[in-house]
Amino acid sequence: MVQGAANWNTEQTQEWLQNYVDDWVAFYRKHTSDGEVASYIPILKEANKDHLGISILGKNGMAIRSGDVGIPFTIQSISKVISFIVACMERGVGYMLDRVDVEPTGEAFNSIMHLEMKKPEKPFNPLVNAGAITVTSMLEGRTSDEKLEPIFHLLEHILGYRPALNVDVYESERDSSMRNRAIGYYLLEIGFLESDLNITLETYFKQCSIEVTVDDLARIGMIIANDGEDPDSKEEIIPRQVTRIAKALMLTCGMYDASGKFATYVGIPAKSGVSGGIIAIAPPRVREEELPFINGCGIGVYGPALDDKGNSIAGIRLLRHIAKQWDLSIF
Ligand SMILES: NC(=O)CC[C@H](N)C(=O)O
């Protein structure tokens, strides 16, 4: 664990932490060679496997950024957290929890098998594809643009700019994602969808194709770490109750069938996406000693080389290292 400084918010300690993070990023960048970029969405194959970047943003504005931080990438499955939050804000938490469960599956993110075998009354959780497609069907609006607008609006509110939709990635997924269509048809058959299937899938593919950077993920994470409140303006951007559920879901289901290991070895809520992004949320901690980012922080990671579960391989290892060094675990 990093020790030795009484106050972690001085410029000197920020520089000190920056040097550490720069070293860690340089070290874990070598681990990208152990993974592969996603290829089932054809355009994602074009990502540079060696990239690794991280952005950490504290509640007090302290920011550490290192590695390939400027590269935009599509948010992919991290959008599942945002669409769930927006659906809860539109429909109410009770409505959503009556229709989507909050239990981990232990299966791959795009599994259909579980639904068929267990015949649940509702999809297992909003962070796997079946649950996320169901959530998307519950967003208000008749067209995909109408459904997406509140998602863009929330992101713009948090980020201060309106993120772009990457049309090439959207079209690539739309034209190739037979598995998600199969999940969609299955959900339609068992009566879980609340909107037209084609509009739901179009909305889902588009929400996955919103472009972000690690800085954006860090800022979204910081707001969620702060229970949905902007620490500067004190404005409530997301209701606290919704951020609580989002964090619980991320901790238990956010890294798919590697969520248990991530909770054990890293110990903070996180959500990954198949383009190589991870959002991680370190809530405020209470400890005897001063620790970096003790008041909580949001972390954005980008590393498109993935492990066999679809999570950024170097990104997870980097987060694990930082969490250990800075005692970020909530447990
Ligand atoms: N794990 C992911 O990021 C999956 C998202 C991707 N758009 C899909 O549905 O297949």
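Easy rule for this one: first residue shown is 1, then count along the chain.
For all residues, glycine too, the Cβ spot is worked out from N, Cα and C.
Computed from a predicted structure; not experimentally measured.
TrEMBL lists Ser77, Asn129, Glu173, Asn180, Tyr204, Tyr256, Val274 with the feature substrate binding site. Asn129 (substrate binding site) counts 23 other C-beta atoms within 10 Å of its own C-beta, drawing on all protein chains shown.
Sparsest Cβ environment among the binding-site residues Ser77, Asn180 (other Cβ atoms counted within 10 Å): Asn180.
There are 23 other CB atoms within 10 A of the CB of Tyr256 (substrate binding site), with all protein chains counted.
Max Cα-Cα distance over the annotated substrate binders (Ser77, Asn129, Glu173, Asn180, Tyr204, Tyr256, Val274) is 20 Å. Sequence-distant neighbours of Val274 (substrate binding site): residues of the same chain at least 6 apart with a C-beta under 8 Å from its C-beta are Ala38, Ile41, Leu44, Gln76, Ser77, Phe109, Leu306, Gly310.
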